[in-house]
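These notes are about the structure you will find just below.
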Amino acid sequence: MAALFRGSRNILLRWTKHADFAFVSTRSMASKTPVGFVGLGNMGSPMAKNLLRNGYPVIATDVFPESCKELQDIGAQVVDSPAEVAERADRILTMLPSSPNVIEVYTGPNGILKKVKKGTLLIDSSTIDPAVSREMAAAAEKMGAVFMDAPVSGGVGAASLAKLTFMVGGVEEEYNAAQELLTCMGANVVYCGQVGNGQAAKICNNMLLAIGMIGTAETMNLGIRLGLDPKLLAQILNMSSGRCWSSDVYNPVPGVMEGVPSANSYQGGFGTTLMAKDLGLAQNTATNTKTPIPLGSLAHQIFRVMCSRGYANKDFSSVFQFLREEEGQ
């Protein structure tokens, strides 16, 4: 990163491989302190790119070094561990697959909390158990750092376009500091209250999303079997009381919409494995709070079965294809 600041402050760096990074001023980069980023997967990578676009020097790491190469090519500094990120940045974002990954990245032998500086702001955008968020906040507080949970909604497309929705839980006095960074990556940033509340909101949203997608897939499949053209049926649903996000924005039937996973053999988007994981979180929290979620529980089972039937790495809208195969087509 030191090379990034050499020469005149007015020099413009040009990255020809990435048109949207064509001109970035070293002056604007130098005016902002570095931001750490741990977890450069399908979501984390575009989020980190948007921080770079907004002039923040990024210090990044990932358990898979090859995930770092593209970000490094456009100006990020890549280091070997979360602990090294913590040594070099006092604002750190994490975007990780599951609760065990978050625990390891924060409290493991090479974790953030081994080297974290007092006053560091830690923002976790993973979708995990709210109880784990609260545990990480308590561990961070002992080290003089501040932890906030800020899970996201919107998927890979919204991450690339900086249109994510962030649901933030944590100390309200730190919300403005978190918001400064999150608005570089999202269109909506909502304060939800204490640590863990962001995760609670995300889990509730994804449970409804899963239920809605299954309902849309069932409805479309029934209509097709009754002889309706799927595009016509989708049009009718979307001007009627059955309209929902899954029917209108993310239709699961191939050929109905362009630019969605169902138009690309269910590649990309939000994986079935991740949906099953999120529904498991909903199931656990419902059990702990003695909350009945009959449809949420059924959705959990359906996506778990899909994972065992070869759909684990397909987008969760592939539930339509799963239902078609179940009926022998």
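Including glycine, each Cβ sits where the backbone N, Cα and C put it.
Keep in mind that this is a model prediction, so the values were computed, not measured.
Among the features that TrEMBL reports, domain '6-phosphogluconate dehydrogenase NADP-binding' is placed at 35-193. TrEMBL lists 196-322 with the feature domain '3-hydroxyisobutyrate dehydrogenase-like NAD-binding'. The active site annotation in TrEMBL covers K202.
Taking DSSP states H, G and I as helix and E and B as strand, the domain '3-hydroxyisobutyrate dehydrogenase-like NAD-binding' (196-322) has 87 helix, 2 strand, 38 coil. Here the domain '6-phosphogluconate dehydrogenase NADP-binding' (35-193) has a mean pLDDT of 96 out of 100.
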